[in-house]
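Have a look at the structure below before the remarks.
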Amino acid sequence: MLDFFTIFSKGGLVLWCFQGVSDSCTGPVNALIRSVLLQERGGNNSFTHEALTLKYKLDNQFELVFVVGFQKILTLTYVDKLIDDVHRLFRDKYRTEIQQQSALSLLNGTFDFQNDFLRLLREREESSKIRAPTTMKKFEDSEKAKKPVRSMIETRGEKPKEKAKNSKKKGAKKESSDGPLATGKAVPAEKSGLPAGPENGVELSKEELIRRKREEFIQKHGRGLEKSSKSTKSDAPKEKGKKAPRVWALGGCANKEVLDYSAPTTNGAPDAAPPEDINLIRGTGPGGQLQDLDCSSSDDEETAQNASKPSATKGTLGGMFGMLKGLVGSKSLSREDMESVLDKMRDHLIAKNVAADIAVQLCESVANKLEGKVMGTFSTVTSTVKQALQESLVQILQPQRRVDMLRDIMDAQRHQRPYVVTFCGVNGVGKSTNLAKISFWLLENGFSVLIAACDTFRAGAVEHVRTHTRRLSALHPPEKHAGPTMVQLFEKGYGKDAAGIAMEAIAFARNQGFDVVLVDTAGRMQDNAPLMTALAKLITVNTPDLVLFVGEALVGNEAVDQLVKFNRALADHSMAQTPRLIDGIVLTKFDTIDDKVGAAISMTYITSKPIVFVGTGQTYCDLRSLNAKAVVAALMKA
């Protein structure tokens with residue numbers, strides 16, 4: 001039984017609605033519009049909202065949306081066919097009113113579709129009871145067939161040619177063992193007395209003849225080669241003198257006194273740092289203002305300059321033919337027209353480090369958006385699809401919620417409490433380093449920071465954060481801010497409960513008047529249940545204002561797995577009624593990937609959370625805010 005069925009325009013006018021079991025369809029339909037239609041996530045034609053499953057169909061020619069809702073515990077096999085039938089009948093019956101495409105005509109139009117809909121619903125329900133014999137799904141219809149081609153996968157190991165040769169050798173050995181030449185040594189056809197021809201049952205290909213000639217050569221000259229190889233090995237020098245180790249600029253020293261960190265330390269203001277290290281670690285640029293991410297390179301500037309120069313080789317005739325080539329006319333797009341272009345776009349996205357499943361969903365969303373749409377006069381299919389994909393990518397990188405830390409910190413100051421930020425992520429992604437960058441950015445904006453060392457698992461984690469605190473304190477001494485200490489470290493050593501340390505740090509910050517508390521947590525893999533339980537406990541007990549997931553820009557499919565499992569673990573291990581999930585993303589090591597920026601798309605698409613910061617280097621000033629248009633331009637670059 002259906003809960004509701006509604007037809008509305010993309011402008012928001014409800015043309016017709018059928019109310020079944022549900023009292024109102026406003027809430028589910030509004031959730032569909034906010035979460036799917038406006039966010040360009042139409043790759044799948046179904047959407048789940050609370051206890052309902054919504055299926056929808058877009059009519060891009062007349063700018064209509066058809067939505068049906070039913071209980072998600074039900075399996076209604078006729079829903080897809082029902083939407084197609086209703087779409088076809090409604091469009092044909094009210095074509096005149098719809099073609100005017102004006103709000104006044106749609107408001108004045110009378111869409112009496114109740115009897116027709118009930119008739120179609122009755123027919124679909126009766127036809128679903130008569131079950132047709134089930135047929136096996138073809139490989140082309142499976143999910144595996146939709147995944148990228150094998151040519152996009154770079155495998156390590158032996159080359160394909162070598163594998164083909166080995167398989168041919170194995171096949172030839174089997175044939176020789178089964179035939180009349182099954183002896184200890186491979187004997188050529190000429191010596192065996194049997195002519196190589198089909199009449200004697202021996203048909204040799206060109207590859208087999210070459211292989212047999214090679215075996216004869218190895219049998220004759222193999223012993224000499226083995227002796228020569230042994231002699232060359234024995235003549236080699238035994239061992240050279242050891243190379244002197246290279247001394248790096250910031251490599252430190254190996255003195256025992258310098259490396260001894262076992263002395264007891266106390267919380268509070270850190271010691272002063274050497275000035276030469278400070279000048280190197282700060283970097284250049286304004287620290288208090290986040291600059292937009294710039295993904296352009298020198299190659300892009302050269303191509304832009306070359307494109308701006310007029311080409312003297314092309315004449316008026318070539319320009320006329322180019323104009324006629326782009327002349328397509330008012331054509332309605334179909335899936336067959338877009339199939340080849342979408343395949344190329346999907347492979348291009350995967351090559352730029354977008355996760356394979358997300359690339360498929362993006363292309364499917366673009367196909368649903370453009371199917372039935374009338375193209376412009378001078379537009380081609382490729383340009384239309386590319387423009388629609390660019391618009392979808394920009395929309396994905398601009399999610400619903402925008403995180404403004406400075407505004408939220410000022411709001412927390414008015415309530416006389418510290419603003420708490422928790423960093424989480426897998427091992428080695430740069431949580432502590434980017435925590436220090438964000439600390440420097442906050443210090444440049446005049447906020448005092450308390451760093452809570454809650455990584456009690458990794459050896460050297462507390463010393464790592466202490467080093468950053470010492471350098472940040474040297475960059476912002478108390479004299480620079482008229483007395484008060486701007487940055488301090490709160491730590492309780494190793495092996496303690498991280499949730500308890502974070503709670504004590506927040507209480508200490510409230511008593512001492514700190515503006516921000518940055519909580520550094522231990523790196524953990526997404527499948528490590530004990531550590532994920534400890535992270536969920538830390539977030540549930542302390543209720544931070546912001547939970548940031550730190551991820552690398554180097555990963556592809558792994559980004560989706562990490563974010564999905566982190567959110568799932570936080571929800572499963574949380575003791576709260578409404579579990580706290582990830583609020584934002586910090587994308588690190590962005591300076592190492594050139595134009596393969598697909599991880600930004602994968603992370604934002606799978607979580608619908610914004611990328612708050614982007615790490616672009618190893619100094620404190622190497623922190624950027626995400627520029628969606630620059631990322632999309634780098635992603636679409638050939």
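In case you wondered, yes, glycine gets a Cβ from its N, Cα and C as well.
Features of the protein shown, as given by Swiss-Prot:
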REGION    129-205  region 'Disordered'
COMPBIAS  137-146  compositional bias 'Basic and acidic residues'
COMPBIAS  153-165  compositional bias 'Basic and acidic residues'
MOD_RES   Ser177  phosphoserine
COMPBIAS  218-239  compositional bias 'Basic and acidic residues'
REGION    218-245  region 'Disordered'
REGION    262-315  region 'Disordered'
MOD_RES   Thr284  phosphothreonine
MOD_RES   Ser296  phosphoserine
MOD_RES   Ser297  phosphoserine
MOD_RES   Ser298  phosphoserine
COMPBIAS  304-314  compositional bias 'Polar residues'
REGION    419-636  region 'NG domain'
BINDING   425-432, 520-524, 588-591  GTP binding site
MOD_RES   Ser473  phosphoserine
MOD_RES   Thr578  phosphothreonine
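The distance from the Cα of Ser473 (phosphoserine) to the Cα of Arg524 (GTP binding site) comes to 29 Å. A Cα-Cα distance of 34 Å separates Phe590 (GTP binding site) from Thr578 (phosphothreonine). Of the recorded residues, Thr578 (phosphothreonine) and Lys431 (GTP binding site) place their C-alpha atoms 26 Å from one another.
For the recorded site, Phe590 (GTP binding site), the DSSP three-state label reads helix.
Taking the Cβ of Thr578 (phosphothreonine) as centre and 10 Å as the limit, one finds 7 other Cβ atoms among all the protein chains shown.
A mean pLDDT of 90 is what the model gives for the region 'NG domain' (419-636). Cβ neighbour counts within 10 Å, taken over all protein chains shown, single out Thr521 as the most crowded of the recorded positions Ser473, Thr521.
Of all Cβ atoms in the protein chains displayed, 9 besides its own lie within 10 Å of the Cβ of Gly428 (GTP binding site). Listed binding-site residues: Lys431, Arg524. The one with the lowest count of other Cβ atoms within 10 Å of its Cβ is Arg524. Of all Cβ atoms in the protein chains displayed, 23 besides its own lie within 10 Å of the Cβ of Phe590 (GTP binding site).
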